[in-house]
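Down below is the structure, laid out as structure tokens.
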Amino acid sequence: MKLFGSSGIRGITNKEVTTDLALKVGLALGKTKRSAVVGRDPRIAGEMIEHAIISGLLSAGCDVVRIGMVSTPTLAYATKDYDCGVMITASHNPAEYVGIKLWNPDGMAFDSSQQEEIEECIEKEDFEPVNWDQIGNVSEDANAIRQHTNMILQNVKRSSKRVIIDCGCGAGSTITPYVLRKMGCEVITLNSQPDGYFPARNPEPNDTNLTLLKIAVKEFGADIGIAQDGDADRMMAIDEKGEFITGDEMLALFARHECDEGAIIVVPVDTSMMVDDALPGSTVIRTRVGDVYVAEEIKRCNADIGGEPSGSWIFPKISYCPDGIFASAKIMELIENRTLSELKKELPHYPTYRGTVKCDNERKAHVMEVVHSKLEKCGKISDIDGIRVEMDNGWVLVRPSGTEPKIRITAEAREGADRLFSMAENIIKEALN
């Protein structure tokens, strides 16, 4: 049994993630936890899965506090007062998906060993429902958003800039515009009404999905556009010219803003060489893709900052959870005295290509075997996550997605990155034929 991917349990509603599964997760979690805080993003299936997992927790004798519709970082921050946190979300995935992500009191997602413990309990159905008079209590707390907001405002400086915030009809709508206004920003909202159908755009805040935000930034003369995903753990930006800032650029800018020389920065294997060169004297450590793996390494080596080019930024001084609301506030600090386009120009840039090839989950293992046999002849191989081949002029990474039926390709080189990408793409397509 393999329930947990790189970002918790996630799948299509009522097919891969069901109320029966959620009930069992609650029963398994309740075996060792006496208190849990539970939140959800706006997804249509959110309340259904929430009720099921709460039923399991209560049946195991665990007390539950519901905090309603909140962002994932809000839930993670609230977990400090409980034994664990449960977030019902599928993050950036489309509306038909739903998921469950579990959190520790320090804001760290459940690690591999904790996930395996839950999986083993479910597989063996080794549950321990309590007697009728020991069933857990359920209550509600409306203060989680306020507490998260106050924490952010205590850790950022004021800003007078004009910002357009596109929450993608996600959970960030409940907090981000308010935080930015309290900072002193002039805030214009876009797609900032929670709607689990995500009618305005795909929840993932990538370049393709942010066309309206780019137009709005230029039309309203904004200093910046900020976009979040369905649960606001991810955040990306548009500069004042309406240009998308890539994840590698964002990570490099945050590192420069937050860190001193000699800093330790943790990134996944698909991160650009730009980050290594953006902060001279720093140490860049690469991990498996997935914010939980980045967070684990940040904690292990006491790193200064970390993140993923997909839009997850981790500031360990405040939490080990990627926080798209805190990152939104931090980037306003960053552009207070200089434009985002000016800061972007100062970064070293290398041609980078990213893409995906559709691949059914059951065929991924075969495809990766073929990729390994072909690419091992091309350079030094690392298999920390997928297959990364380093060459004199650059590198290419082939990695199966942990949440979707896709294989991801990343290629970067000082020259010829497109050829590296095409080579890997062709190998995958040949293996699928």
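Quick reminder: no glycine exception, Cβ is built from N, Cα and C everywhere.
Bear in mind that the values here come from a model prediction, so they are computed numbers and not experimental data.
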One of SER91, SER112, SER113 listed by Swiss-Prot as binding Mg(2+) at the site of ASP229, ASP231, ASP233
SER91
Measure from the Cβ of ASP231 (Mg(2+) binding site) and count the other Cβ atoms within 10 Å, all protein chains considered.
32
Which residues, same chain and not among SER91, ASP229, ASP231, ASP233, have a CB within 8 angstroms of the centroid of the CB atoms at the recorded Mg(2+) site?
ASP41, SER71, THR72, THR89, HIS92, GLY170, ALA171, PRO203, GLN228, GLY230, ALA232, ARG234, GLY324
Cα distance (Å, whole number) from SER91 (active site, phosphoserine intermediate) to ASP231 (Mg(2+) binding site)
5
Residues near ASP229 (Mg(2+) binding site) in space but at least six apart in sequence (CB under 8 A):
SER91, HIS92, GLY168, GLY170, PRO203, GLU204, PRO205, MET235, GLY311, GLY324
DSSP three-state assignment for ASP231 (Mg(2+) binding site)
coil
